[in-house]
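Down below is the structure, laid out as structure tokens.
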Amino acid sequence: MSSSPAAQGPLVVGVDTSTQSTKALVVDAATGRVVASGQAPHRVSTGEARESDPQEWWDALCAALHHCGPAAREASAVSVGGQQHGLVALGADGTPVRPALLWNDVRSAPQARDLVERLGGPKAWADRVGSVPGPSFTVTKWAWLAEHEPAAARATTAVRLPHDYLTERLTGYGTTDRGDVSGTGWWASASETYDEEILGMVGLDPTLLPRVARSGEVVGTVRGSGELPFSPGTLVAPGTGDNAAAALGLGLLPGTPVLSLGTSGTVYAVSEHRPTDATGTVAGFADARGAWLPLACILNCTLAVDKMAALLNLDREAVEPGGAATLLPYLDGERTPNLPHASGILHGLRHDTTAGQLLQAAYDGAVHSLLGALDQVLDADADRSSPLLLIGGGARGAAWQHTVRRLSGRPVQVPEAKELVALGAAAQAAGVLTGEDPAAIARRWGTAEGPVLDPVERDEATLARISGVLSDAAPLLVRAPHGE
Ligand SMILES: Nc1ncnc2c1ncn2[C@@H]1O[C@H](COP(=O)(O)OP(=O)(O)O)[C@@H](O)[C@H]1O
Ligand SMILES: O=C(CO)[C@@H](O)[C@H](O)COP(=O)(O)O
């Protein structure tokens, strides 16, 4: 029986609490070697709402850490990366007053439109906050809660993001970080402070918000609750949003584009320049260090493709080329393009269309939206021919890889490391031990290394066909289907 080599450095734990599950890695801080890992799922409501019970995130964190075995107990530091934007409203006893409203819950679309108008339009928001808030942003969710469930809003004594909630349960202190707070809509990226005028517009008392920790800060130590397999004194790093954590985990340098295929699909790059896209396509997030993370996000990515595969009774890899079917896979409404009320649309069916071609059309529809935003995400300094880094659960799939190559015409690099959000959190935890920049630690660990797939000729005909259907279907896409 072989035993794994002893760790060369202290052990650290990186956590990824994403939409569908929580994953934990115990990592050797000296080498980046994953010593142990664990994962546990959580539930998301179906139907119109997308909500989760934060207690399930905590239970999943405990379960994932227990799956890691004794290694977790040896860890010297821990950090949590989490799904962005979710509204966690806590009452006086520290428990949620209701389930969390998640990033992909589009019920606050009317509040988003209203807020954009009240502050003076998209440009006013982009200049001040860096983003034009759509229904994913926390500020619109709070406005929705205040309007639809005023008693819950009144009972709220603390407002947190998902990673803040878990970090606070670890330490007992209410903290957030620059990366995740930049997705709330109430943090002014121009001044890097909470925006009291915007908070006033939605009636949210700033004292309910967590302190924004500095990069590299120790925000506390793990409290001894007995539920977690940590030793007393384990340090807690600030944590961050999951995309900012993956940027750390890749050791991303400015200008290198990342395409992430998970529950959400995202495309982003680190930039030295503060983003201010008034079209609303690019969210002007901060990264977890001191730079920026312009990002575009789609709501319908791997789950929409997997749903189409299930409906067609196909394996997700059973795609076929050819045909002229176009599928706009907006099963959850969509964020990019900004069509929160849209549903999926299929066009171009013929007698000879095959099930495999329909499945390919679902992949094409998702990747078309991400690549359409790529040029807007990249700033003037970016190298437009460098490989796209492909990450997230979908990056393991041959059909996803080939679709991205075919529709981008660019080389694609697939890092061998699987859990880049958790690795980024681990690098942040290592950084609080050594004082190093977490991205530099991840580069030393070699987390972005992996095969580079050669470019193939860009399939301009498919891109043009999808753009054509998108524009022709506009009247159908701005409203929910009849009968809903
Ligand atoms: N081998 C694979 N090939 C293609 N897709 C995969 C594969 N493994 C997982 N996936 C997809 O990845 C998704 C989960 O991605 P992940 O990045 O872990 O999600 P999350 O955004 O919740 O962190 C699943 O919905 C599944 O469709
Ligand atoms: O809303 C965004 C980014 O703005 C999403 O990327 C969420 O952060 C959810 O992430 P996953 O669960 O897909 O990792």
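Just so you know, glycine gets a Cβ as well, placed from its N, Cα and C.
Sequence annotations record features per position, and here TrEMBL assigns site 'Important for activity' to D16. The feature substrate binding site is assigned by TrEMBL to Q84, H85. Residues or ranges marked as active site, proton acceptor by TrEMBL: D242. The domain 'Carbohydrate kinase FGGY C-terminal' annotation in TrEMBL covers 307-430.
Averaged across the domain 'Carbohydrate kinase FGGY C-terminal' (307-430), pLDDT for the predicted model comes to 96. Rounded to a whole value, the Cα-Cα separation of the residue listed as 'active site, proton acceptor' and H85 (substrate binding site) is 10 Å. Looking at Q84 (substrate binding site) and D16 (site 'Important for activity'), their Cα atoms lie 11 Å from each other. Taken residue by residue with DSSP, the residue listed as 'active site, proton acceptor' is part of a helix. For the recorded positions D16, D242, counting C-beta atoms within 10 A of each C-beta gives the highest total at D242. Shown for the domain 'Carbohydrate kinase FGGY C-terminal' (307-430): DSSP residue counts in helix, strand and coil, namely 54 helix, 16 strand, 54 coil.
Its Cβ taken as reference, H85 (substrate binding site) is surrounded by 29 other Cβ atoms within 10 Å in the chains shown. Q84 (substrate binding site): 31 other CB atoms within 10 A of its CB, across all protein chains. The CA atom of D16 (site 'Important for activity') is located 15 Å away from the CA atom of H85 (substrate binding site).
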